[in-house]
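Record features (TrEMBL):
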TRANSMEM  75-95  transmembrane segment
TRANSMEM  107-126  transmembrane segment
TRANSMEM  132-149  transmembrane segment
TRANSMEM  161-178  transmembrane segment
TRANSMEM  184-204  transmembrane segment
TRANSMEM  211-230  transmembrane segment
TRANSMEM  273-290  transmembrane segment
TRANSMEM  297-315  transmembrane segment
TRANSMEM  321-341  transmembrane segment
TRANSMEM  353-371  transmembrane segment
Amino acid sequence: MKKNVLVWLSFLLVTLLLRAYSFFYSVIDWDETLYLLIADAWSHGSIPYVEIWDQKPPGVYLCFLLGKFFGAGDLLLGIRVLSVLAVTFSAYFLYRICQRLAPASGAFAYAPGLLYIVFTLVNQGLAANTEIFFIPFVIAGVWCMVSCVDTARGTWHVRPWRLIIGGGVLGFAFQIKYLVAFDLLAIALGIALFQFLTTTPATAIRNTLRIGVLILLGFVLPNAAILYYFHAQGHLQDLITATLSANVQHRTHGDVSIVKTAGKFYLQFRDQFVLWGSAVAALFWIARGTRSNAQKWTVLALWAWLLLDLISISLTKKFYAHYFLQALPPLCILFFVVWAPLYNNLQKATRRAAVACLTLFVLLTTVLPVVEETVMTLYFRKVAGNPYWNDASAEIAALVKQDLQPGDYIFVAGAQPVIYYLTGARIPTRFPYPPFFLDDHFRHVSGIDPATEIRSILDKKPRYIISRKLTDNTFYNLLEPYLTREYEEVKTIDGRTVFRRKDNAAVAGNE
């Protein structure tokens, strides 16, 4: 127990040091700011999807609400702290899984967790994205299953409460992002495979069904609780429309570019060569017959998990970088399964040399760029005296906040919506996420009619409008005449222009 606590604290320290960069910025990614606004509104009694709309399941907003506790009321601080904790727990459970798979692996069992921490620094992993929050629940669920295996004897011991808890954490992960269903399918296939490899077919079917019932029981509980909450609040239909109907549009609308898709996957292989190279090496060694049957089936199960995650990543046809974070757990475990036997057979001096080479490679390719950004930020903020260096959203918010009155609206049309939170201004639309207006795909998903939404927003007479000047954009072309007639330019910061209303007396906050 004491060792596990020390391991967790070690992972926490490494994670905190490597993710320190994120604490200096008001926003890292578009998505996290929308989750923040919904969680903040929810903390004041506004049910998700009603006053502020998004198509994500409500689990991520619950995580952000928890962030308000960890940040002592400051949601921005809280989500950074919570992200550190989420990555730490992911690394810790990867360590526990690998330690269970190969108890004699010694210190090498730390490698998957450390690699996970490092590779969340890329693929937009510094932001508080859904993947950062659902992955620890998925890995914890996998550990609950793996902990039922006696690796020495190759047998399964049914532990009802552990399986129910495993199902419960997987159920909550599902409520953060529905595409976790592919991880659930991988887990189910892994359990069934183990049963059929270690017992008779009849016993395997019976055991698989029994295990499945226990996991399903746990899985249903958080999902039923969320459905009941929205039903009790009278907004179950809002939940269904936003998270199911809109997501169908999100998954099916748009075309696939083969060239762009190939480019996205190439970047993954290039930037995470250590992990993807190990995954390919695992298949090579299976083909050569240089591993035991248990190791072969473990590799095949992990590859099935990886392929299912890649299908999940591909469903939206968007291939955003943070989607690929979902594939990190099976990749990290594959790295361990491939290299742990070789590591154990090396002499002590050779082990040290191998670890030193791997550490140096990862430091130079992945860690160093983040360290450089952190040092530059500290220099320009603290030494050069520019408190808003490389943080345009904070600078815009400071400018806008100077003469805002209680009750004033602002409209963030082409900048990060975290500006609403930083200024404390009222939000004039149910859709504060700018891509819902500016991007054809997201406009289709949200069902916004640009002309109607523009009129609704401007009827509230926002004191400030922050917008980019976009040519050939439907929404901006509708907004521009109002900006020219009723607003004046104040300042342009990082390509975002701050417009102030000319007629102060007409601003809602001054009525």
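Cβ atoms are placed via backbone N, Cα and C, with glycine included.
Same-chain neighbours of the transmembrane segment (297-315): 101, 179, 181-183, 185-187, 189-190, 193, 197, 251, 261, 279, 282-283, 285-286, 291, 323-324, 326-327, 329-331, 333-334, 337-338, counting only residues six or more beyond its ends whose CB sits under 8 Å from a CB of the stretch. With a cut-off of 8 Å on Cβ pairs spaced 6 or more residues apart, the transmembrane segment (107-126) and the transmembrane segment (184-204) reach fewer than 3 such pairs and are scored as not touching. Highest Cβ pair count under 8 Å relative to the transmembrane segment (184-204), across stretches 75-95, 132-149, 161-178, 273-290, 321-341: 132-149.
Of the candidate ranges 132-149, 161-178, 273-290, 273-290 has the most C-beta pairs within less than 8 angstroms of the transmembrane segment (321-341).
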